[in-house]
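Participant: One structure coming up, written as structure tokens, with questions to follow.
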Amino acid sequence: MSRWLSLLLFAVQAVGGYEAGEELSCKRRHGGIPLPLGVFTVQKEGFPDALPAIRTALSHVHSRSCILQGYRLEMIVKDTHCKTSQGMKALFDLIASRPRPVAILGGQCTEVNEPIAMALKYWQIVQLSYAETHAKFASSDSHELFTTFFRVVPGSRNTNMAKCKFVNHFGWKRVGTVKQNDQPRYALPHEALTTRLEHGFGVKIVHTAGVNWEQIETVGGELDELKERDVRIILVDVDEEMAATVLCAGYHRGMYGDNYVWILPGYHSDKWLNQTHDNCTVEEMREAAKNHFSVEFALTRRDVDTKIVGNTRAGDVWNEITQLDPNNTWRGYLYDGLWTLAIALSHSMGDNAEFSHHKMMEAIDNSSFQGLTGKVKFANNERLGLVDIKQWSDGQYVPFAVYDGADDEFKIIDSTTKGWSPPLDSTITERRREHISSILFLAMSLLALIGIFLALIFLLINFRYRNHRFIKMSSPNLNNIIIAGSICTFASVIMLGLDTRIVSPDVFVWLCYTKTWTLCIGFTLSFGAMFSKTWRVHSIFTNIRMDRKAIKDSKLFIILGILLFIDICVLVTWAFVSPFSYTVTELPHIPEDNIVIIPEVEKCNSSHSGVFQAVLYAVKGVLMILGCFLAWETRHVNVPALNDSKYIGTSVYCCVVMSVLGLSTSVILQERVNEMFSLASFFVIFSTTLTLCLVFVPKVIELARNPVGNEPRAYRRGLMKSVVAKTSQPMSPQPRSDSSGDLIGKAESENKLRRRYLHQKSTQLWDLVEKLRAQGDTRFLQQEWCLSSASPSSQERETSLLLRQPSSSNNREETSLTAAGPNGERSSDWPWVDPDEPSTKL
């Protein structure tokens, strides 16, 4: 009994491992009862030799531990040739042998392991593979199909978890995947990977690209889909040759570099990267593969100084088996696999030394010791081991991170993170609200306020000196309208720059109405008043008739009222039919590396705004065209007091040009808020200020020069010059064949007609003067031009009557146009005191 207790104690010690400096508590004896152990290998070219590592492990089990005291493991090696038939024959040979093997270590090929594992469950014989990584042995029904099958090498469960931890470590939440449909070795673990990413880590699988060799031409299209969906992190589960094809296709689509991360399976080789592809050179392949990651099971543990099972440094054991077979990828798992079986065998021995397969499977599942490939631990027949994550850098793989499945720990190797920074999992969409620059808004608002202040000064002057002769003759009421309209347009500049940084969205909607109405009505008031004044000047100097009536300000206000009525009708209809609403409009995206900026602008939205804007533009356009026409027609008029000289015409031209430019820039630059606001504000402020200055600065100068307004001769001189300039425009050019006599005759005829017209007007003037004198109106008679004048002579009255009667002698109008006295001299009271100083009271 004590013998078996000692054996159990040794087994427990082996399972728990040995600490540094600990010596064996038993004395090993050579020989013992043989325990047959089946070993499946592949002994042919291209496959590594498994026996050196197994023999080393077997030697350490018997010489460096107290387990299996009194027993000796004997290997029964069978070559399966990596063929199903040979493998099954080897299995039957082992089953037929006596005694039967207590367990089987191996094999390496899936096509051999699968039927053997399915058969061994009927004999309850444990099979521990050192090289099987196929995902079918970790599926949901694998425990039922392969009850006694274990593998000491980490499978897809570990590599998938390592990939998930890797993705989660960098905070990537959007990934794309590529799987090889025609290879279950890669397709099955890929499905488990995507499920775990989505449900275990909250990572969105944007798109899974399926590739296979039968439809190899579709690889490019699948990658195009990934690129179109802005996938930056790509997990790939394909074989080596397909991996080269995928990377080559990605290279031609620009899916490489610092903005992309390719996570590939680990093949424990880099030869596939140094081969020339059909569509890529070696240099292109290296460029495409730069900084990609590989995820593969670790060949050995990194902490080489750790004492492992057998009370030996891990580094020493690794060097020992590497010297024996340096090209065997599985040498570490061969070593740990034999130790796993030895420890499980020692634990499965009962008190009566009877072997139990059930206890052995239970012992393997409960194993936990420090091995050459890390901590050896199993869960559901699966090894929970180490997984290396390596990065391709400078033509070689360098360690980047490690995942320990036994302790579920993920660790980045700090020294390898230099020179690389994790990219974003997608292009970041940054919504940037485009607001008018605060400095620009303040500057334009200040200019607008200065303009309003200037307009108020002009309004004060216009009101203060409204009875001044110069101000009174320039229609001060209309000038006040021009000032009111200018104040509205200046105010619209300030309202144009307000946004939701200052006001709420609800107030912004009302602001949409306010600035539209203010600008529209302000333009109509200012331009309409100037248009009315220009029309009156045009009517006076281009429509000289005998029965012409005076055009009073009331008629001009009627014109202005009609224009305002049209605006109000359109604006009110607009407000009811298509009201404004607050909207945020996206502008064209601006890509910047991993960031896409989406500019947004705040707008006053109206479903039918285009229609109403077109109506307003049409009305204003017609008004401006007519204004330009009238300004051109009155270009020769130069009466400062009556039509503000040529300044009104200049203002009309300025308003037209600035309005066209402002409208054009507002439409073209409506997506560039700063440029649009600055130009629109400039045009409004410039044109409005220029109009105010052209209309009122000459008045201010005249007030400074003549505060009393007692120089009527200067006012009358301008009017007479304008009349003469208009009525004495040269006749149309005549052919050079006309004789001098004909030209003189035509000139005399025209002179007679004009002199008759002047005489008639003079007679009418004096008739009115006599009526005023008869009524006792002395204020009018005290005017300077009237004090020294006398009533026209009786001869002149008779002459005037004769001028109204046509001559019948030769059926044509003959007129005696003489204003001379009996002695042939001009009467002193004809029709002005000074013929060179005409009156403005036409």
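Glycine residues also receive a Cβ, built from the backbone N, Cα and C atoms like all the rest.
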Participant: Are H190 and E671 on the same side of the membrane in Swiss-Prot?
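Facilitator: Checking Swiss-Prot: the two residues are co-localised relative to the membrane.
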Participant: Looking at Swiss-Prot, which of N605, N643 is flagged as N-linked glycosylation site?
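Facilitator: Among N605, N643, the one Swiss-Prot marks as N-linked glycosylation site is N605.
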Participant: Please average pLDDT over the topological domain 'Cytoplasmic' (528-556) for the predicted structure.
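Facilitator: That region's mean pLDDT is 71.
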Participant: With DSSP helix as H/G/I and strand as E/B, how many residues of the topological domain 'Extracellular' (499-506) fall in helix, strand and coil?
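Facilitator: Reading the DSSP string over the topological domain 'Extracellular' (499-506) gives 2 helix, 0 strand, 6 coil.
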Participant: By a Cβ-Cβ criterion of under 8 Å, what residues six or more beyond either terminus of the topological domain 'Extracellular' (669-676) are in contact with it?
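Facilitator: Residues 434-437, 440, 587-588, 599, 601.
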